[in-house]
Amino acid sequence: MSTFETGSIVKGFYKTGVYIGEITACRPQHYLVKVKAVLTHPAQGDLHHPKQADVPFFHERKALAYGEQTNIPHHMVKPYDGEVPDYTESLREATAQMRAKLNEDGSEWAKRSLHNLDILEKEYFNRP
């Protein structure tokens, strides 16, 4: 049974990222959510070995793009009642929050994650 309707503005948890989006379709097991803003940037590295740097493949995870649609299971979608921020500003804030946490951490995993974040920010914000 669906709790939300098409057009509802929600907070969706997708992998390790958190997004504000609009429901564009209700399906039996999930909602199709169109991304409007980023609340939490996805974590970097191997999700099967969290916070470990010495892994065979250290994943670079991008935030979902503005307008990108993704399937999110019903139980991972919550109501969102606030104002929807500008996508680019929300992405800047989410990456800044992640950077601050990683700088505090100081582990090898955090250093590798910061390296990935540097690359992603150049791509996101067209920095040289």
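Including glycine, each Cβ sits where the backbone N, Cα and C put it.
Here is what Swiss-Prot says about this protein:
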type	residues	note
SIGNAL	1-25	signal peptide
LIPID	C26	S-diacylglycerol cysteine
LIPID	C26	N-palmitoyl cysteine
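Long-range contacts of the signal peptide (1-25) within the same chain: residues 31-43, 47, 61, 63-64, 69-70, 72, 74, 76-80, 84-85, 90, each at least 6 residues beyond the stretch ends and with a Cβ under 8 Å from a Cβ of the stretch. Mapped onto three states, the DSSP output places C26 (S-diacylglycerol cysteine) in strand.
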